[in-house]
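A quick write-up on the structure given underneath.
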Amino acid sequence: MVLLRLLALSLFHVCLVGCQPNSSQQASSPPGEQSPLGTDKLSFPWSRLRLPRYIIPLHYRLLLHPNLTSLSFTGSVQIQIDVQNNTNWVVLHSKGLQIFNATILNQNLAHLSDQVLPVLHNPQHEQIGIFSPRVLSSGQKYFLYIEFGAELVEGFYGFYKSTYKTSTGETRILASTHFEPTSARMAFPCFDEPIFKANFSLRIRRSQEYISLSNMPIVKTVEVNNDLLEDRFAASVKMSTYLVAFVVCDFKSVTATTSSGVQVSIYAAPEKWSQTHYALEVAVKMLDFYEEYFNIRYPLPKQDLIAIPDFQSGAMENWGLTTYRETSLLFDPLTSSVSDKLWVTMVIGHELAHQWFGNLVTMEWWNDIWLNEGFARYMEYISVEATYPDLKVEEYLLHTCFAAVGHDSLNSSRPISSPAENPTQIKEMFDTVSYDKGACVLHMLRHFLTDDVFQSGIVRYLRKYSFKNARNQDLWDSLANTCSEEDFISGKHCYSSGQATKNAYLFAGEHLDLTAMMNTWTLQKGIPLVTVTRKGPRLLLRQDRFLRTVLPSDPLWPMLQKGFLWHIPLTYKTDASSTIHRHLMTTHTDSIHIGEEISWVKVNTDMTGYYVVHYGDDGWDEMTKLLRENHTALSYKDRTHLIHNAFQLVTAGHLPINKALDLIGYLQYETHTVPLIQGLGYLEAFYRMIEKRNEPELTHDLGMYILRFFRAVIDQQTWSDSGSVSERRLRSEVISLACHLDDPPCLERAHQSFKDWLQSNGTLNLPTDVAETVYSVGAQDDHGWTSLLHTYNVSLSAAQKYKILFALTCSRDTSKLERLLELGLEGTVIRSQDLSSLILMVARNPRGHHLAWSFVEKNWDTLVKKLELDSFCIRNILIGTTGQFSSPEELAEVRLFFESIKEQTSQLRATQIALDNVQKNVRWIQRNLETLRNWVNEQMK
């Protein structure tokens with residue numbers, strides 16, 4: 001093809017065109033000769049967002065000196081580069097840095113020029129270009145030396161300032177980093193793309209009252225002058241820039257060693273040191289587990305985990321120095337609930353999985369970030385199930401997949417592997433699709449291939465691409481055991497790609513092309529709906545794209561269905577045996593012989609597959625009958641899956657709401673917590689949407705119905721922390737909802753507990769499972785609310801602070817809600833890192849519903865400045881504050897606001913997701929409100 005060939009030629013000669021002076025510039029001089037500088041005539045030599053590929057960084061020697069008094073830092077970096085085309089220019093990344101000077105040296109460290117080298121800036125692309133009057137010769141190595149400085153950032157990216165308060169009220173300062181995806185360039189000039197892996201040798205200067213941490217251990221500390229020390233760190237392994245990290249702080253640590261000799265330390269603010277012990281136990285267990293599971297040694301001598309007081313995301317996997325939000329690392333037995341414990345365990349499992357998936361093997365570009373995040377999310381479940389089986393983490397995987405379905409069934413979803421070029425698009429890739437859908441697709445694949453085949457395939461993948469970069473295709477080849485012809489000829493244990501379809505796994509009597517199958521899950525957006533209909537001895541199957549925003553009767557429907565087809569690994573069980581049957585569906589319609597004597601069939605066993613199932617004709621009546629008469633014939637996962645699918649089909653217009661409500665009628669016999677919570681969750685969701693509309697009668701009746709229906713479950717709950725993890729989770733959910741529905745016994749017990757807590761001056765430790773509910777009830781009067789705000793201000797437990805903040809936002813007094821929002825915007829009492837959570841908590845309150853949205857409209861520019869437009873916080877605010885709007889008027893208001901900010905948000909998918917959600921709610925109300933009203937009236941007779 002002509003276009004491709006031209007592109008290849010232009011890439012080959014890029015240094016003669018893209019990197020040389022434009023028409024006003026000098027042409028390249030022969031290697032070794034010096035050309036005149038003509039600085040005033042130089043224009044930026046590179047026009048693309050991605051850096052040229054012909055200069056490869058090999059080793060960074062980085063010196064940093066942060067000043068925690070002036071809140072600034074200076075530094076220098078010497079980068080050894082390998083030049084692969086003749087050029088006069090070195091183009092790399094820099095953002096917000098002041099470049100003091102730049103020089104280029106040859107391999108003998110001799111300067112190539114005795115003149116100051118011009119440094120050109122392209123702020124739009126966050127790049128600098130350094131011009132060398134002497135041509136850098138292809139095949140030679142050079143040293144690029146740059147001195148720079150900047151202020152410590154006020155936000156959450158780059159090299160930024162964080163603070164914490166001691167119990168005496170003193171404010172202490174620390175400096176920390178967060179670079180993923182594109183912020184290493186804010187701390188030092190670098191080739192800030194994942195493909196440019198290099199070694200890093202760091203030196204950090206600090207005063208004596210602080211310590212410094214980085215990816216590697218300190219090998220030496222030298223005194224620079226009286227009060228200034230320099231920590232010199234060992235050279236790192238080869239890694240991408242986004243994984244570099246350093247912290248200067250006065251924290252304390254607790255340390256242990258893994259069975260293979262890796263030193264593990266947990267760091268936290270001195271007064272929170274006692275909350276680090278659980279994390280240490282988890283981290284040691286997890287590292288031991290991963291070394292065994294991946295059969296690859298952790299390649300660094302140490303792994304530090306540190307709780308940063310100001311941290312926007314949950315955690316970050318920097319190699320050897322993982323950074324965490326305090327709620328994601330610290331565990332206080334007195335104030336942290338069992339859910340907090342599970343969260344800490346899963347986050348540590350996630351970040352330590354990244355030490356292999358992401359750090360050892362890194363995606364080639366951000367379009368495949370799911371190779372990092374989907375795997376790490378899935379490994380949370382595998383690792384926690386193996387190391388802490390009592391936490392019952394497998395019960396949560398269903399909810400991860402339900403979250404993915406919720407997002408993926410909107411037309412505004414995207415494929416797992418999507419184009420992303422600029423920093424905004426790249427940051428948007430860190431979403432439900434990469435994490436949750438990625439994990440659920442891997443879960444489906446693992447069950448399809450079997451555990452052993454899946455595990456050996458990913459070990460093969462990790463071994464082959466260690467310290468390198470990989471793409472989607474490389475994973476499929478490793479799982480199917482295929483390789484390049486070159487590998488095959490050299491005798492590697494793999495199949496040639498030409499033999500892949502012949503030699504890969506036999507499945508349902510057919511050969512499998514794993515790439516073709518997995519491309520249907522990663523290269524197209526959405527989720528399939530499989531409609532199942534019984535016809536004599538056969539099961540008729542049809543697949544469509546599952547959409548909750550457009551009905552089959554809508555004129556848009558055919559266009560939105562066009563071109564979508566998945567290779568679906570179906571599983572099903574019948575009443576005839578406990579066998580799990582398998583069938584690979586690769587066409588729009590299909591059929592399976594199951595026999596005449598079968599009375600029921602349940603498709604998608606234990607929801608191991610990522611697809612929604614609709615039972616045609618009277619199939620849902622059969623499922624309702626089965627659950628009523630013999631619900632234990634199905635596993636708890638299958639029962640939960642049926643409840644989820646039924647209500648999703650209601651939203652999508654495939655099933656009347658009364659059918660789904662009849663289905664969950666069996667829950668009065670249910671004893672497993674997961675289906676109970678699922679069914680209760682849908683009723684609560686309807687209640688919370690309707691209480692925000694002007695529907696007082698229906699709100700009251702639905703609340704009364706929920707209390708009556710779940711009376712036995714509510715009455716069984718004890719106000720304690722006893723029982724299994726599952727029982728404790730149910731307790732938190734049920735008691736919280738009962739009090740929200742003004743259940744008199746619940747309110748009475750909560751009031752008494754809160755009164756006791758107040759009288760003890762906060763020294764009484766409430767049962768952690770019910771503390772949030774007790775605080776929420778106590779926050780309804782002025783004294784209770786003020787006392788809670790005071791406790792929030794002085795508490796050293798991040799877990800307790802989160803529960804109290806939620807309780808404060810439950811107030812029915814709108815002036816208090818307004819005060820909280822103002823405190824969040826101001827950022828001292830309520831940290832900026834918690835602002836987006838605060839806004840969403842207020843939006844959840846019927847009294848704060850429109851208040852939160854108005855606050856976002858009014859303070860939009862300030863929010864963007866504080867949190868950054870492309871952050872997941874802004875995304876959550878846009879989607880979360882509008883998530884319960886359900887009227888055409890609210891939809892019009894949201895549209896109008898989004899129209900007013902469209903210049904800013906044109907690249908954000910979040911606005912379209914928010915609109916899709918509101919539209920879905922409007923249609924849900926139009927279709928289901930009257931049916932729901934009639935159904936509730938019938939139940940209340």
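Each Cβ is built from the backbone N, Cα and C atoms, and glycine gets one as well.
The active site, proton acceptor annotation in TrEMBL covers GLU351. As annotated by TrEMBL, Zn(2+) binding site applies to HIS350, HIS354, GLU373. TrEMBL lists 57-243 with the feature domain 'Aminopeptidase N-like N-terminal'. Positions annotated as domain 'Peptidase M1 membrane alanine aminopeptidase' by TrEMBL: 278-483. The domain 'ERAP1-like C-terminal' annotation in TrEMBL covers 600-919. According to TrEMBL, the feature signal peptide maps to 1-19. Under the heading site 'Transition state stabilizer', TrEMBL lists TYR435.
Listed binding-site residues: HIS350, HIS354; maximum Cβ neighbour count within 10 Å falls on HIS350. Residue with the densest Cβ environment among the recorded positions GLU351, GLU373: GLU351, by other Cβ atoms within 10 Å. Rounded to a whole value, the Cα-Cα separation of HIS354 (Zn(2+) binding site) and TYR435 (site 'Transition state stabilizer') is 13 Å. Same-chain residues that are not part of HIS350, HIS354, GLU373 yet have a Cβ within 8 Å of the Cβ center of the Zn(2+) site turn out to be GLU317, GLU351, ALA353, PHE357, GLY358, ASN372, PHE375, ALA376, ARG377, MET379, GLU380, TYR435. A simple way to gauge crowding: the CB of TYR435 (site 'Transition state stabilizer') has 24 other CB atoms within 10 angstroms, across all the protein chains here. Across the structure, the residue listed as 'active site, proton acceptor' and GLU373 (Zn(2+) binding site) place their CA atoms 10 angstrom apart. Between the alpha carbons (Cα) of GLU373 (Zn(2+) binding site) and TYR435 (site 'Transition state stabilizer') lies a span of roughly 5 Å.
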